[in-house]
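Enquirer: Structure below; questions to follow.
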Amino acid sequence: MTMMTLAQAAQWIEGARVVGAADAAAVVIDRIVTDSRQAGAGDLFVALRGDRFDAHDFLDAVATQGVAAVIVARAPASFSRPYLLVPDTRRALGELARGWRRTFAARVGGTVSVAAVGSVESAVGGSGMPIVAVTGSNGKTTVKEMIASIFAAAVGADHCLATRGNFNNDIGLPLTLLRLRATHRLAVIEMGMNHPDETRYLAGICEPTVGLVNNAQREHQEFMHTVEAVALEHASVIHALPVDGTAVYPADDAYAAIWRVAAHTRRIIDFALLDDGSDGQAGRGVIRAAVTGRWRAAGASADGQSNGQLEVETPIGTFSVALRTQGRHNLRNALAATAAAVATGVGVDAIRSGLQAFAPVNGRLQQKRATVGALAGASVIDDTYNANPDSMRAAIDVLAQAASPRVLVVGDMGEVGDQEAVAHREVGLYAYAQGVDALYALGRASRGVCDAFNAARAQDDASNHDRVGGRSAWHFDNADALIAALQGGSSLSSAQSASGVTVLVKGSRFMAMEKVVAALVGETSTAPH
């Protein structure tokens with residue numbers, strides 16, 4: 001399928017100069033690639049440069065593979081194919097994606113539709129495609145996947161586009177947009193950030209019609225310094241909306257006022273999770289939101305996790321849904337996805353179906369079963385994708401729902417800046433307060449988690465502990481030693497059966513805590529994405 005011509009690409013990229021093509025309009029591009037190993041006939045290859053690589057070194061190879069043209073930041077000495085010479089290939093990729101996205105220009109406004117499954121055109125007037133941009137401190141990938149599941153229920157999986165994995169940076173986002181095709185009717189794009197102004201840049205490429213801010217919490221504090229700065233950064237996705245776009249954010253977030261101001265005159269579909277019987281009370285007065293939900297518990301599962309239904313009220317109707325994922329934060333994630341879906345005109349039947357079909361994302365509270373060592377038979381919760389102080393607390397809350405014994409395995413948290421010691425100590429204290437029975441800590445900074453847990457234990461009356469030796473925490477400098485201790489059953493008394501144990505594993509991405517999970521469940525270690 002023809003995407004564009006080299007002449008169009010040159011028009012979209014600031015400062016681009018066509019070289020080696022007498023008629024750039026005759027050079028047809030079928031696909032955009034950045035990996036030289038995947039380049040082939042009809043492709044436009046973008047030669048990116050990084051700290052440890054320079055794709056300009058592979059220009060001869062992609063020419064041999066038959067690419068239609070390349071985008072370069074320095075002119076090759078000799079080259080048999082047409083090319084665009086640009087100031088910066090990384091920025092050129094973003095500008096190319098923005099130009100391509102604009103060929104699908106959709107400016108969606110009006111009232112919330114009651115569109116049924118598959119009738120999104122009636123909500124958007126058939127004028128184009130809604131694009132939802134998802135940002136926030138925690139839960140971005142989960143919310144994006146929930147929305148993708150809803151969209152698939154509404155229009156079919158082949159007719160919706162979603163970010164693959166967590167390819168949410170200034171390379172992944174443009175490449176996602178460049179996968180847009182005429183067959184797509186809905187799109188959801190994830191935006192990540194760890195430095196100021198990144199969201200503004202990505203939103204400027206994406207030009208979403210719906211901007212979703214999931215939350216503002218303690219992420220990337222080494223670079224962002226305050227949570228308010230994080231909230232303001234996330235507001236960039238709302239500022240990027242057209243005047244008839246829709247802002248989606250949690251009404252009960254401490255920084256909701258920032259996003260409300262950013263929305264200005266744009267439509268707002270906010271959301272809130274209400275406590276059972278609270279009538280909207282959430283500690284700061286009555287919470288009013290367009291989309292609200294209440295959790296109705298109905299006992300516990302065999303793994304000690306709460307069963308029940310999320311009851312949801314929206315401007316287009318109400319429904320109840322049993323989710324296949326755990327944690328109060330995932331109830332909020334489901335409400336965020338619901339609000340975004342409502343904003344695009346998807347009906348409640350598709351929203352319910354999509355949420356019911358959603359399964360936990362790799363490395364995000366995945367339920368597994370230990371098969372190796374003394375813990376064989378134990379329930380293992382794989383939450384190894386990443387960690388920050390607030391997502392750690394959310395994970396501990398999930399573990400606290402399980403029956404004792406509860407085992408927490410943590411690795412260091414990165415990018416917490418000068419709060420490193422305080423943040424890790426907080427995790428240890430919170431784990432103890434929430435009833436964790438055994439804690440295993442891996443890494444230099446996580447020694448503080450272990451020390452805080454044991455200090456809290458020392459203040460308790462040892463006679464109240466239900467295991468020989470009481471509740472304990474152990475620190476390890478390397479993963480092999482930690483795994484050996486876990487598999488040896490140091491967290492169990494001789495009278496305990498592993499089948500009743502729940503183990504939750506979590507840490508920042510650089511700690512590769514998925515290796516611990518793999519060792520417990522007898523799998524090959526693969527990094528979540």
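The chain as shown is numbered from 1 upward.
Placement of Cβ uses the backbone N, Cα and C atoms for every residue, glycine included.
Under the heading domain 'Mur ligase N-terminal catalytic', TrEMBL lists 29-100. Residues or ranges marked as domain 'Mur ligase central' in TrEMBL: 134-341. Annotation comment: TrEMBL describes Gly136, Ser137, Asn138, Gly139, Lys140, Thr141, Thr142 as ATP binding site. The feature domain 'Mur ligase C-terminal' is assigned by TrEMBL to 371-509.
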Enquirer: Return the residues near Thr141 (ATP binding site), defined as same-chain residues 6+ apart in sequence whose C-beta is under 8 angstroms from its C-beta, sorted by sequence, else 'none'.
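Expert: The answer is Gly165, Asn166, Asn168, Glu190, Val361, Arg364, Tyr385.
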Enquirer: I want the residues beyond Gly136, Ser137, Asn138, Gly139, Lys140, Thr141, Thr142 whose C-beta is within 8 angstroms of the mean position of the ATP site's C-beta atoms, in chain order.
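Expert: Counting only non-site residues, the set is Val134, Val143, Asn214, Asn215, Asn333.
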Enquirer: Quick one: mean pLDDT on the domain 'Mur ligase central' (134-341)?
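Expert: Taking every residue in the domain 'Mur ligase central' (134-341) and averaging pLDDT yields 87.
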Enquirer: Are there any residues at least 6 positions away along the chain from Gly136 (ATP binding site) with a Cβ closer than 8 Å to its Cβ? List them or say none.
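Expert: In sequence order, Val143, Leu212, Val213, Asn214, Asn215, Ala216, His234 meet the Cβ cut-off.
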Enquirer: DSSP on Lys140 (ATP binding site), three-state: which is it?
Expert: helix
Enquirer: Determine the Cβ neighbour count for Thr142 (ATP binding site): the number of other Cβ atoms within 10 Å of its Cβ.
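Expert: The Cβ of Thr142 (ATP binding site) has 25 Cβ neighbours within 10 Å.
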Enquirer: By a simple count, how many Cβ atoms lie within 10 Å of the Cβ of Lys140 (ATP binding site), its own Cβ left out?
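Expert: Looking across every protein chain shown, the total is 24.
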Enquirer: Could you give the number of helix, strand and coil residues in the domain 'Mur ligase N-terminal catalytic' (29-100) as assigned by DSSP?
Expert: 25 helix, 17 strand, 30 coil
Enquirer: Suppose we draw a 10 Å sphere around the Cβ of Ser137 (ATP binding site). How many other Cβ atoms does it contain, all chains included?
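Expert: For Ser137 (ATP binding site), the count of other Cβ atoms within 10 Å is 23.
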Enquirer: Count the residues of the domain 'Mur ligase C-terminal' (371-509) that DSSP assigns to helix (H, G, I), to strand (E, B) and to coil, and report the three numbers in that order.
Expert: 61 helix, 25 strand, 53 coil
Enquirer: Provide the number of Cβ atoms within 10 Å of the Cβ of Asn138 (ATP binding site), excluding the reference atom itself.
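Expert: So the Cβ neighbour count for Asn138 (ATP binding site) comes to 22.
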Enquirer: Can you give me the same-chain residues 6 or more apart in sequence from Gly139 (ATP binding site) with a CB-CB distance under 8 Å?
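Expert: Asn214, Asn215, His329, Asn330, Arg332, Asn333, Ala336 - these are the non-local Cβ neighbours of Gly139 (ATP binding site), listed in sequence order.
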